[in-house]
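Here the structure comes first, spelled out in structure tokens, and everything after it is commentary.
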Amino acid sequence: MAREELGVLTALDAAKTQWYHFTAIIIAGMGFFTDAYDLFSIANVTKLLGRIYYTHQGAPKPGTLPPKVSLAVNGVALCGTLAGQLFFGWLGDKMGRKKVYGLTLAIMVFASIASGLSFGHTPKGVISTLCFFRFWLGFGIGGDYPLSATIMSEYANKKTRGAFVAAVFAMQGFGILFGGIVALIVSSIFDHAYKAPSYVANAAESLVPEADYVWRIILMFGALPAALTYYWRMKMPETARYTALVARNAKQAAIDMSRVLQVEIEVEQEQVDRLSERENNSFGLFSKQFLKRHGLHLVGTCTTWFLLDIAYYSSNLFQKDIYTSIGWLPPAKEMNAIHEVFRVAKAQVLIALCGTVPGYWFTVAFIDHLGRFFIQIMGFFFMTVFMFALAIPYDHWTKKENRIGFLVMYALTFFFANFGPNATTFVVPAEIFPARLRSTCHGISSTAGKAGAIVGAFGFLYASQSKDVTKRDAGYPAGIGMKYTLVVLAVTNCLGIFFTLLVPESKGKSLEELSGENEDGTSYEPNAEQQGFLVAQI
């Protein structure tokens, strides 16, 4: 079909990589840096929270968070994120990306600080306050997903758009790494300043009163990077695609992009008005036309993100439990409270350095060459392979001489998650839907992902419990054990391969070409590629 292109959008698609691209990556990316720090830093301090608030005098082992409390502490931020993704995704299409972009960051700064200041005279009071503020922290984080992805995709040129959007998401890897480093530094300082014996040597003295500051400082530190980028977010102009195609203000779009691209752009108000009057540029999310054009695409982006996050978040949030189960972390009773934080954080940093961070940047390097579809299929495939390789001979990996091999295989699953579906599920929903629904559809897709994260986080906690009562965390019923939990995660990854077939390839195409916004005419007959059946690419 013939297409009517707006000059301002053509200029963006054809623009050479410039300084403003990198500025946008940093401004949007620092939000994801903060997101990852805030979401995953809780994994470094949950064991400490258990020791501080749930250790019983005379118990043979240090206290751990009771099952329901652990679920709340680990999962409440994910619930907030889910709500934020839906709400801010919708708001980004209604009010504009820029108008709500700063609000999400302000919520994150406030809630990060408030989380560290959680108060109460009883353990229940402190944990309840912590969960309250972490829900709102997640709410702000949730808004960052659809807004950052949409803004970056609408600013980028079509040649390197995938790399730019993936680079924003790749800052998540640095956030996870930074969270581990902060926990290492803080715990190391306190461990050296306040010497304490192990729990088995002296249970009472293994937990110094100052340990309560450790988890608070670690959680509050997440406010710093977000606060540093707030001013620059407020200085960013609204994206031209929203201004022209949604707000229908051709003059403002031309002014904003002339300033950004440093070229003269003609105002095309008549053309904008003409495009906006077409039926194919006005249908809504719950219309038959949307279902015909993008229904399968939305099913594909939602299901693949859902399946990916079941495996990804269960593995990330409960790394400490996996390390303990294979004996890489000493039993809790052989460490003091603060040193246990150090050991958990050290393990997180090593996995982030070896698998998480490199995987993200491999995606940035290759996504516009290999394509989103190939990388996603490849990632799900190797995650399946390595999960099965960990699960089937699980008893082999628990032996002391084989622990390094386990960690290598485990790091490789993270590498191919990030050089794979963890990045592509973020990128594609920001490319294939119309501008007026782009942020909303990305919010829906990412909400499905967080639903998977909640299933993974809550399900893993119970499923991974050993049938042997001596190896089980206090208060938990018997689960299927770590071995069979890893089998379930492997099957989940395998399902992701098949649902990827519903997602179209977006490499090298303009956003309007992918969404069909500027097509001349109202009739639409989707072809096989637009429906996403790209089996020939496998």
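We number each residue from 1, going along the chain as drawn.
Quick reminder: no glycine exception, Cβ is built from N, Cα and C everywhere.
Whatever TrEMBL says is automated annotation, not expert-curated.
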Range among 244-263, 404-423 that TrEMBL annotates as transmembrane segment: 404-423
Beyond the flanks of the transmembrane segment (484-503) by at least 6 residues, Cβ under 8 Å: 296-297, 299-301, 303-304, 307-308, 310-311, 314-315, 372-373, 376-377, 380-381, 383-384, 387-388, 390-392, 394, 421, 428, 432, 456, 460, 463-464, 531-535
Stretch with greatest number of CB pairs under 8 Å, the transmembrane segment (404-423) reference, 69-88, 163-190, 443-463 candidates: 163-190
Positions whose Cβ lies under 8 angstroms from the transmembrane segment (100-119), at least six residues beyond its ends: 31, 34-35, 38, 84, 88, 91-92, 125-127, 129-130, 133-134, 136-137, 139-144, 147, 151, 215-223, 226-227, 229-230, 233-234, 236
Chain residues in Cβ proximity to the transmembrane segment (443-463) (below 8 Å; excluding those fewer than six residues from its ends, i.e. six or more beyond): 67, 70-71, 74-75, 78-79, 81-82, 85-90, 92, 142, 145-146, 298, 301-303, 305-314, 317-318, 425-426, 429, 476-477, 479-480, 484-485, 488-489
